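S.K.: Sharing a structure here in structure tokens format.
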Amino acid sequence: MPVSVASAAFVCTGGPHNCIVVSGLMKARARSVLGRSAYSSRVDERRRLSFGVPRRKKPMSLESSIEERVSRYYDLLLKRNAGEPEFHQAVAEVLDSLKVVLKQDPHYGDYGLIQRVCEPERQLIFRVPWVDDNGEVQVNRGFRVQFNSALGPYKGGLRFHPSVYLGIIKFLGFEQIFKNSLTGLPIGGGKGGSDFDPKGKSEGEVMRFCQSFMTELFRHIGEYRDVPAGDIGVGSREIGFLFGQYRRLTNQHESGVLTGKALEWGGSLVRTEATGYGAVYLTEEMVKAKGFSFDGVKVTVSGSGNVAIYAAKKAQELGAEVVAMSDSSGWVSTPGGVDVEALRDIKENRRERISAYAKEVDGAEFHENGSIWSQPCDIALPCATQNELDAEDACTLVKNGCRFVAEGANMPSTPEAIAVFKQEGVSFAPGKAANAGGVATSALEMQQNASRDSWDFEYTDGRLQAIMKNIFRTIDETSKKYGHENDYVLGANIAGFTKVADAMLAQGVV
């Protein structure tokens, strides 16, 4: 029977191709992904109305007034940030949750607070010229979005990938505000990167690019101003090249200016494992809250990068069977569970496609076509990329008995998929909560750098576990406080927002 959820109804019947999506607010948010220019004014009006703004002249209730204010601001944001669908999607999700806050705590609508939270404090775009191995000059574009520093210095990774443009960096930086807030540590939100593709480049080319990138970036960062880290395409090698150039330009060894460093010169234990481990630690708390455990459950993990590998490893340590993993070429499954260590060697050391795993491991199968989410599982951990899991995939997971979903990647589930999970009673933890382990451990690295100390693995891992448990407790209690028990998306958005908002209100209009 169709069930209305946040103005959207979903029917999952018979199989993935029979997943029918009838949408209101969620469809409007999804349509914004295609860009405002693709729609007529009539569609824009439908988007406005999807936020609940009534056509009437008589005085509006507080609820209707809030709906109108949020809708009006969202329309303005679309105009100001045209052609940035990832950013639109991230903001729409948060605004949807904040309507609940404004009804109960209307002072959060004062002093342009919501508008200021959604507007970066600073956006940097710069050219990055470098010389390739053939002596040819190449030019890439660099970005750093310093989104919000109310809680502490800007904190967020650098992504080197050809898909990078301002909209993706803004989306990631916006999410970082609330993710960092949820950790309980004094760090603000930011993100950066470049459309440079390190794949296929020699080490010398990567080094020269990183040096050129830092030659501009160095004037905008510092351990008390902005602390970048790694992300897609930026590992310990790239962090090393960036730090070396920063040290040369500033003539000082400011170890806290970057995180994700090698252990020999200021890095932290557990940083490599942190995002994947953290996602599983939070999922474990979510599973416990429903009276279950990881022991004997089947887990599907999309991706085979750093986050996915260590999420799968920790899930296995807790007694789960990892039934499938993937990369951009396809996915693999193995009777009795994926051999995570064998896959790790293929991906991290040999840097080969996941199909090599099926050739080398007895009983393993490689699936070039179809979705990894067709594999029956109890827990799904999307750890690959944004919007990888759509409504059809969500319906398939529900049909196959999935009860828990936690996002290891940034925004890997579409709004329609999230609505399906909510409708069907699947416990869902959003990325801003579930994958906060990486930035939390980066902040722990900053603490070690500031005190000129180095913690052992067990102590650091214990701190990470405590942080992730506290994040789950916070979003769970917040969802209950605002009358939406088990809605962890709303709980994460509101808990992350209110801490930042309180700091911004205390600091004045700046």
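Yeah, the Cβs are placed from backbone N, Cα and C, and that goes for glycine too.
Just so you know, TrEMBL annotations are computer predictions that nobody has curated.
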S.K.: What does TrEMBL list, out of GLY230, GLY233, GLY235, GLY240, as binding the same substrate as LYS155, GLN176, LYS179, SER442?
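M.R.: Candidate listed by TrEMBL for the same site: GLY230.
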S.K.: Of all the Cα pairs drawn from LYS155, GLN176, LYS179, GLY230, SER442, the residues the record ties to substrate, which distance is largest, in Å?
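M.R.: Taking every pair of listed residues, the largest Cα separation comes to 16 Å.
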S.K.: Can you give me the residues near the recorded substrate site, meaning same chain, not LYS155, GLN176, LYS179, GLY230, SER442 themselves, Cβ no more than 8 Å from the center of the site's Cβ atoms?
M.R.: GLY156, GLY157, ASN180, ILE187, GLY189, LYS191, ALA229, THR259, GLY438, VAL439
S.K.: Sorry to bug you, but what's the C-alpha spacing from GLY230 (substrate binding site) to ASN306 (NAD(+) binding site), rounded to the closest Å?
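M.R.: Here the two Cα atoms are 11 Å apart.
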S.K.: For the C-alpha pair, I'd like the distance in angstrom between LYS155 (substrate binding site) and LYS191 (active site, proton donor), rounded off.
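M.R.: Between the Cα atoms of LYS155 (substrate binding site) and LYS191 (active site, proton donor), the distance comes to 7 Å.
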S.K.: Using DSSP and collapsing to three states, where does THR275 (NAD(+) binding site) fall: helix, strand or coil?
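M.R.: Helix, per DSSP.
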